[in-house]
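Worksheet: one structure, shown below.
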Amino acid sequence: MSAWRLPETVPDGQPPAAEPAAPRAVTGARRMLVVAATVLLTLVGAGGLAVAGGAMDAFFPEKPDGCAKPDRSLQLYAVELPSDGTQVRLGYGLTPQTASYPGPTMEMTEGECLAITLHNQVSVETLTKLRTDPAHPLGVSLHVHGVKYTQLSDGTVQSGSFVPPGQSRTYTWYAKPADKKTGSPGTAGYWWYHDHVVGGPHGTQGLGAGLFGGVVVRRPGDPKPDRTYTVVFGDRQSINLRRGAATDTCDPVNPQPGPSCLVARKGERVEFVVVGTGNDMHTFHLHGHNWADTRTGTVSNGQPFADQVPIIDNKTLGPGDSFGVQVIAGDSVGPGHWMLHCHMQFHSDAGMSTMLHVLDENGQMPPGGHDHSAMTGATGTDGGAHQHN
């Protein structure tokens, strides 16, 4: 039995889930939409972090200004996932056993300093196979968008801040708060992290193999979601076509089709962390729902709605872009199977589409309609982590 595992979300003060569920991959020919729900985990206290640095480490500060010492720390592993026989698959995980793609969603609050020790468990053989230039060094790395870090945490070959096979290195991220005096906007927002080394100087092969994940930086008082899903638009080979799956499937770490992952109850606040890893423009469109074109997708109390903030149901995503959306599931429209897809028509025609299955307040799907969701089971109720033979 192989258990599907969802990329974990890493906020503060939550216990680890006993059994994470599955990453989600919805694809058409060379078009892929990866969706992953998140599981909440506790971080350990900072201290005792081993750093395997390069020759340049002594010349640059270890931590960014404002980050005297880490507030929290965690261990992250880069590992090889079971191959489907057609391509190398890699993933990040808080343990080697929970590695997946996308990797864990890192959740921070402005003002926090986070230390992440990355352990490279990818074999020399696999890294050599992915290398496009025989002179390029072998290793993996952690490069993050949006938050602050020094050159020692840049995660590039050029800065020497990568991790050779079998070694470890600590990266320090700082979620800098806004500064009214200087006009600095802070770091609150929806970002992502990825490898920048595997295969070549831009980590293209690492991205293609699955080394990426979401980052959420909140401000105190931000609305907290009931469920978070990471949605990744990319260009990997078709999962559905290759596996012969008749419907949208979760992408487990074995070569079998899996269940749908996008499930919520009516009235729940659902958060989407949206990331573009490929080379094309995309759009994020969710049927039956809309949101404010703001940092969180919401409008704060007292803020006038009319003409102040655009209300949208479709948002453009470029290569390397990321943004966040929060919606109230089934708000005014009720339960149902709501399509989520790229509105570049030839992308959606090629399979870049999935469903948000909104159950009623009791966790039931009303009778009627076509249910793509294996996650709701025969009774149409909420499901948790599933296993597949």
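Backbone N, Cα and C atoms are what each Cβ position is placed from, and that goes for glycine too.
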Seminar exercise, completed: Of the ranges 1-23, 70-92, 254-276, the one TrEMBL annotates as region 'Disordered' is 1-23
For this session: Looking only at the domain 'Plastocyanin-like' (100-220), report the model's average pLDDT.
Result: 96
